[in-house]
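Trainee: Pulled these features from TrEMBL for this protein:
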{"type": "SIGNAL", "residues": "1-17", "note": "signal peptide"}
{"type": "DOMAIN", "residues": "26-133", "note": "domain 'DM13'"}
{"type": "DOMAIN", "residues": "142-249", "note": "domain 'DM13'"}
{"type": "DOMAIN", "residues": "276-409", "note": "domain 'DOMON'"}
{"type": "TRANSMEM", "residues": "655-674", "note": "transmembrane segment"}
């Protein structure tokens with residue numbers, strides 16, 4: 001299986017080579033010696049454990065034939081089977097002009113063997129073989145000279161070239177004070193402004209943030225490799241200064257890259273790379289602009305692009321954006337206005353948040369041209385008038401530059417944009433109608449970034465707890481709410497007794513109280529979250545249509561007016577955890593545990609009293625219900641309703657009894673609320 005994965009990546013990759021003979025494949029060992037059954041092909045060393053066979057042929061007519069290797073002087077019975085291209089040790093089938101990798105078994109190295117063969121065990125005949133040269137050195141990561149800059153505290157402990165496309169900076173330090181500094185690569189004797197911007201370790205093309213003794217892995221962009229650049233630099237474009245650099249040694253014996261490179265052809269004259277995984281192209285013709293959004297995204301993700309809400313900076317609030325996605329075979333590019341950084345909600349009769357123009361009384365002015373998904377890339381082209389008849393739409397100017405915004409995020413269960421996961425932190429301006437077309441786009445690359453293990457799921461199973469304290473805080477990127485619930489997340493989630501969206505066990509017949517601190521100002525679209533309990537896993541009851549509401553069973557937290565309109569009963573002052581001013585929310589997944597993440601937050605509580613939600617689960621309650629926000633979807637999680645805490649619980653529940661620290665935290669929080 002490992003060899004299959006490596007093979008697919010190698011074959012699909014269009015990584016450019018160090019010479020004119022095609023993609024770099026590794027260190028060439030030689031051609032197979034052919035004796036019988038039409039065996040032929042070339043053999044390369046990918047790394048110290050892996051062989052790559054290219055243009056391999058074998059007629060499949062051997063009786064008991066295997067890939068075979070050993071340390072004897074020549075091929076014979078004293079050897080071992082090398083698993084085939086599927087990782088199996090079956091008798092070999094027919095191969096015709098195939099390329100694939102083979103991984104030596106049991107961590108054996110290429111330097112441990114003297115030969116590799118296609119060998120028939122029954123007849124003890126060698127159909128083809130190749131000998132490993134003495135003192136052969138397989139490709140491995142190579143250490144090169146470290147960076148020591150003259151300014152901005154730039155330094156590294158060491159630098160490794162991991163493969164043909166990846167550079168590892170070990171112990172990298174930079175003060176972040178240069179105005180317009182980037183990781184930068186190019187050709188020539190020394191770093192100059194003509195070169196290529198290297199995305200940071202998260203794929204962003206923002207000017208560099210500060211680093212302090214960090215180890216990061218950078219990927220050379222597009223179809224470039226280590227073999228067609230001469231230097232790597234931290235370069236400040238504001239002052240045209242090389243802040244620190246290294247020269248790349250020639251003919252490095254490194255492994256070929258496993259990064260898949262997918263060229264993206266755009267037919268529009270202007271193209272701008274916004275992120276490693278997102279690019280926008282455009283053309284102005286007459287009174288309209290044609291825009292193409294291309295992004296390497298998952299099937300349930302959207303691409304958002306538009307004009308900033310401010311003329312002085314890139315700003316989401318007030319922005320006019322198009323949200324583009326593909327659902328099955330159908331493409332969508334919907335016109336949105338961002339009034340607040342929250343999903344669209346109705347606040348005292350008015351819609352606020354990230355709302356469709358059609359919901360706000362405007363018009364849908366984006367005209368979809370084409371939408372296609374190829375090789376994991378969504379390519380969506382649409383057209384819009386430069387000056388729209390809709391007052392909520394912003395003008396695309398023919399002269400000068402404008403600030404833009406963009407984002408990548410997940411779609412929720414209603415195909416609405418949830419809170420974005422990927423977005424820029426710096427200002428981005430663009431000249432839409434330049435005198436000469438401008439293109440900064442390059443091929444897409446796919447390399448799976450290790451997110452790490454999800455945070456442990458918080459669970460409360462304690463028969464002594466009757467009072468729960470609920471506050472709100474950040475949902476915690478991919479390791480947090482999304483991993484706990486499997487739902488898309490908004491910016492905020494419920495924290496119950498200090499735990500992020502825990503699963504709670506309650507017993508029928510007992511009375512419980514939730515002290516609700518989710519905000520009591522209905523004018524606030526971001527911070528008004530009365531607590532409710534229903535049988536709907538998503539929540540956001542107030543957002544639902546009358547038909548959808550009729551399908552939800554409300555168990556606690558809602559009463560109805562004489563006209564039959566629902567209104568919440570459990571709203572209280574706002575107690576919220578927030579990121580510190582110097583923390584980047586996009587880096588939440590860097591925290592190894594929720595405990596460490598929670599310690600990084602700042603907690604505050606408004607004056608006033610918490611709301612109270614008192615209820616008693618009874619025999620009519622389902623075994624599983626959900627606590628959530630009345631106004632917003634996907635903020636809470638699951639309540640298991642049981643008849644006895646002594647009953648046997650399925651092992652698949654994977655619960656634990658809440659520890660004494662959580663109990664103490666609950667007591668302290670309740671005490672704090674009382675004395676305040």
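Placed from the backbone N, Cα and C atoms, the Cβ positions cover glycine too.
Caution: TrEMBL annotation is automatic and unverified by curators.
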Trainee: Suppose you look only at the domain 'DOMON' (276-409); what would the mean pLDDT be?
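Mentor: Its mean pLDDT is 92.
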Trainee: Is it possible to list how many residues within the domain 'DOMON' (276-409) are helical, extended or coil according to DSSP?
Mentor: 0 helix, 77 strand, 57 coil
Trainee: Under DSSP, the domain 'DM13' (142-249) has how many residues in helix, strand and coil?
Mentor: 3 helix, 50 strand, 55 coil
Trainee: Within the domain 'DM13' (26-133), how many residues are helix, strand or coil going by DSSP?
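Mentor: Helix, strand, coil within the domain 'DM13' (26-133): 6 helix, 52 strand, 50 coil.
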